[in-house]
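Report on the structure given below.
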Amino acid sequence: MVNEPMKNHTSLKMGGPADYLIIPQNQEELVKLLLFSRKEFIPFFIFGAGTNLLVSDKGIRGLAVKMDKSFRTLSFERSQIRAGAGLPLPMLSAKAARAGLSGMEFAAGIPGTTGAAAVINAGAYGNSMSDIITSIKVLTWQGEIRTINSREMQFGYRYSSLLEESWIVLEVQLALVEGDYSNIKSRMEEFLEHRRLNHPVEPSAGSVFRNPPGNSAGKLIEEAGCKGLRVGDAQVSNRHANFIINLGTASCIDYLEVIKIIREKVKSKFGILLELELSLVGEES
């Protein structure tokens, strides 16, 4: 697809056009695309479900490569799971539950793909991907396929070493534990209900800021008086202050202005500079 609007591919429903948006049909195509882009010095950006992503109004130059249905493989071997990087995390959580495997209940309502969740060590309710990942298969920028174990990932809060390497995740191996389906289902429903009551329904990129050590970004933003703050159609959610929603026609510039005001207000009131959790991509506006 040529000049494809990224707003059609992000949870925020925002973002300018990608020069070329390509959806590879298999791993071999993905490797060829990567090597071609390197040979021709063409910018290469890869993404999955488009969550936790803020795309510039000017869009993305070069290739925007989407990991879609061809990367949604799933296999079970007792309590071990191999999941393709493009598999939606809630789908993986649900399939693990139906197989009577516990350990992924926390991921029931987390948007995004399994690969992206591994890269940022996504988590909720005191659990995270690092608790269950045993190894990851990646594609390096040299076109080599490697398997790295969880120790090499150097997991931290919303962090893994893959954020530094920028390698492409192809597959994630997880170790879960056998459990009672009714108990697993009950916990998942509890977490989903909490999200339903506390998270906005409007388009968003998910949590905007990382929680500072020993604190809550949402709580700080709310106490700084930013709930409901609006610039254009970008607004701090009235349900959860760490979400900035798109009321319809928000631009990236609007969104960034809201971020700027929040950081200034929180810094002024608490002396804490909030760090972004979402990723900013594309040509600078």
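Glycine is no exception: its Cβ is also placed from the backbone N, Cα and C atoms.
All protein chains included, Arg158 (active site) registers 18 other Cβ atoms within 10 Å of its own Cβ. Arg158 (active site) falls within neither a helix nor a strand when secondary structure is assigned with DSSP, and so counts as coil. Here TrEMBL flags Arg158 (among others) as active site.
In three-state terms derived from DSSP, Ser207 (active site, proton donor) belongs to neither a helical nor a strand segment and is classed as coil. According to TrEMBL, the active site, proton donor annotation covers Ser207.
When secondary structure is read from DSSP and collapsed to three states, Glu277 (active site) falls in the coil class. Other Cβ atoms within 10 Å of the Cβ of Glu277 (active site) number 19 in total over all chains. Residues or ranges marked as active site in TrEMBL: Glu277 (among others).
The feature domain 'FAD-binding PCMH-type' is assigned by TrEMBL to 14-179.
Comparing Glu277 (active site) with Ser207 (active site, proton donor), their Cα atoms are 7 Å apart once rounded. Between the CA atoms of Arg158 (active site) and Ser207 (active site, proton donor) there is a gap of 11 Å.
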